[in-house]
Structure formats: C-alpha cells, structure tokens
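Marked as transmembrane segment by TrEMBL: 94-127, 172-188, 200-217, 244-267, 288-307, 313-332.
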Amino acid sequence: MTHPGLTNSLSLFTPNYRPFSSQSQILLLPPSSFSKPKPFLRFTRRFSEPPHPRFILSAVHQSEPERLPPPNAQTEDLLLKSQPQVSQFRNRVVFGLGIGISVGGIVLAGGWVFAAAMAAAVFAGAREYFELVRSQGMSEGMTPPPRYVSRVCSVICALMPLFVMYLGHIDVSVASAAFVLAMALLVQRGSPRFAQLSSAIFGLFYCGYLPCFWVKLRCGLAAPALNTRIGATWPVLLGGQAHWTVGLVATLISISSIIAADTFAFLGGKAFGRTPLTSISPKKTWEGTIIGFCGCLVTSVVLSKVFSWPVSSLSAIALGVLTFFGSVFGDLTESMIKRDAGVKDSGSLIPGHGGVLDRADSYVFTGALAYSFVKTFMPLYGV
C-alpha cells in the first residue's frame, strides 16, 4: 500500500503520476541517489512538449544515406575523362605515321633534300633548346644568354648541315661559330656570365654539331652497296643501283634500329616494367630497357640480311649496340634538360608528340656513333 501523504506529495511535483497498484513495491534509495541527472541530449526540454520541427528535420536529414549518382552520370564522367587520352593517342599515331613516311622519303632522296630537311629540324630544335634554357626552372640557377645570342646561335646551327653538304666537313665552321658566340657575349651590356657562354656553346654542340653527322653518314659515305638486292631492281630514273650507297643503307638501318629500340622499350616497360632505370626519367625501367636492347639488336641483324650490308654479322651486332646506347643516352640527356627546366615537353610543334627535341633526342648522338664506326672500324665500309 502507498502512503496517502506520499501520493499527494508526488502528485504536486509530477502531474502525470499514477499511484502504484497494491502488488507494487517501492524501492527506497539513499538521498545521494537523487542528485541532478546529467542531460543525455545536447539541449534540455520538457518531455511533455512536442519537439520543434527543425530538430525533426535535422534528425531525418542525418539519418538519410548519401545518394549515389546514377550509373549514367558515372559513365558520362568516364567518357569525358577518356576523350582527351583517346584524342592524344590518335594524334600520336597519325602524326607519327606521317613523320615516319616523310622521313623515309627524305632519306631515300638524299642530297640537298636531306640536308635542307636536317637544317629545318636543327633550327626548330635549337629554338626549343634555348627556350628551355630561358625557362623559369633553369634560369633560377643560372643566367641564360640574351635573346639575340640565342637567335644567332639557332641560325648558325641551321646553317651547319648545309656547310657539311657543301664543304664536306664542319670543324672550321664550329670553331668559327664558337668564336662569334663568345665575342657576342663579351660585348653585351652588363656583366657577362660564364653560364651564358657554357649554355650557348653546349647548344651549338648539341643542336648543331652532332646532327651534322647524319648528313655525313647519309651523303658522305658514297661507296655503292654492291650486294644489296633492292639496288638491282631500283628504277633507273631514281638513280638505279648506284643510288643505294653504304650511307643510305647505314642510315636506314640506324633509324630503323632506333625506332625498334624505342617501341620495344615502351611496350616492354608497359607490360613488365617494375624496376626504375634512373631518377632522371622515372617512367623508364630496366625491364623495358632490356627488351628495347633485344629489339634493337634483332632489327639491326635482320635488316643487315635484307640489305646484304654489312657482310659480317658481328659488324651488324656492333652497329646495333652502338645505336641502342646512343639512343638511350640521347633520350636521358634531353630528359635531364627538361627536368632542370621543370617542363614535360620541349615544345608543342608536333601534336601528340611534343616538340622536335622530344622526337629527335634519340638521334642526336647516334649519327656520330654510326658514322665513326662505319668510317673507322669497318674494312671497306662493310661491303
């Protein structure tokens, strides 16, 4: 039984109080248990009043899961992201085929056509080189040469292949060009810097002197490749069998071996690449480099059998080895320049490929190595 006085007291403080039944029992607690309870919500409100609508909306909003975009929207996003990559790959293939066919025709033509095309490529490459030297990333650590010196050096580099074609040598021209550049830098306003002279002289050597060996290889080695079967069926109007010289065959084998090295290295790196080759170019791997080396050797040996030059298989293997190392270190040299300049491509002249240096970096050192090997180490030019 509940005491009547206790019932009246509870009714005064709790309006909704209902007395216990006769079977109910009251649990008496010590006074310390009746301390003020801690609120379990972030706000205090009487339970007899209904909650405010904003609290209901907030709770409903928090309880609802995040809605995912419909599948069609995700597909459209993927398509939009893949379109630039597809377009870039298409440009790379189209312009790559166009450049390959054009270069093949120029190599077959030889003579002044080859020298003029080389001069145009050298001029474009020299302009890209000096723009890299003047870039913000490289100019922070060195003083670039003035613009008029860069332009004069680009013109001199473009004239070098024509001098080689006309004179047959380039040594005097390079020495004279270096003297002109040094004089132009020393008479400039302000204080000349050694960094200006060194970058200009290296540009003269890298963009002008080294590419001239391709002219010497293609047009200077005029000995006929007598064993070449293609020369026997070559039209007389296009030069007949005499058109197929050692220089033409050596140029075709060298260029084809470089293309094979780059292609096999790219495909091998994509499929099996795990170990980085060097920090200069993080995308290059040892696996891709080894596969590219094998592809370069196979291409050099197979083409030597097709053209019947050189007669010795060891000479063909040696030419393939020199071609591969020349292409790899030429590529790494240009990557080092771009890395210091803080850019990805040397230019944007060729869509999908970048600049001229991006396409010709593997050929810079290879022409000099191939020409020196054929001229010096092959008896009778390998015939």
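Just so it is clear, glycine is given a Cβ too, placed from its N, Cα and C backbone atoms.
TrEMBL does not curate its annotations; it predicts them automatically.
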Exercise for review: Output the single range from 200-217, 244-267, 288-307, 313-332 maximising the number of Cβ pairs under 8 Å to the transmembrane segment (94-127).
Suggested key: 200-217
Practice item. Take the transmembrane segment (200-217) and find every residue of the same chain, 6 or more past its ends, with a Cβ under 8 Å from one of its Cβ atoms. Key: 114-115, 118, 121-122, 125-126, 129-130, 133, 145, 149-150, 153-154, 156-158, 160-161, 164-165, 170, 174, 177-178, 181-182, 185, 247, 250-251, 254, 333, 360, 363-365, 367-368, 370-372, 374
Check your understanding: Other than its close neighbours in sequence, what residues sit by the transmembrane segment (172-188), given a CB gap under 8 Å and a spacing of at least six beyond its ends?
Key -> 145-146, 148-149, 152-153, 156, 159-160, 163, 196-197, 200-201, 204-205, 208-209
Review point. Restricting to the same chain and to residues at least six past its boundaries, which positions have a Cβ under 8 Å from a Cβ of the transmembrane segment (288-307)?
Key: 225, 228-230, 249, 252-253, 256-258, 260-270, 272-273, 277, 313, 315-317, 319-321, 323-324, 327-328
**Study point:** Positions on the same chain near the transmembrane segment (244-267), where near means CB under 8 A and six or more residues out
**Key:** 100, 103, 107-108, 110, 214, 217-225, 228, 230-231, 234, 284, 288-289, 291-296, 298-300, 303-304, 307, 309, 316, 319-320, 323-324, 327-328, 331, 362-363, 366-367, 370, 374, 381-383
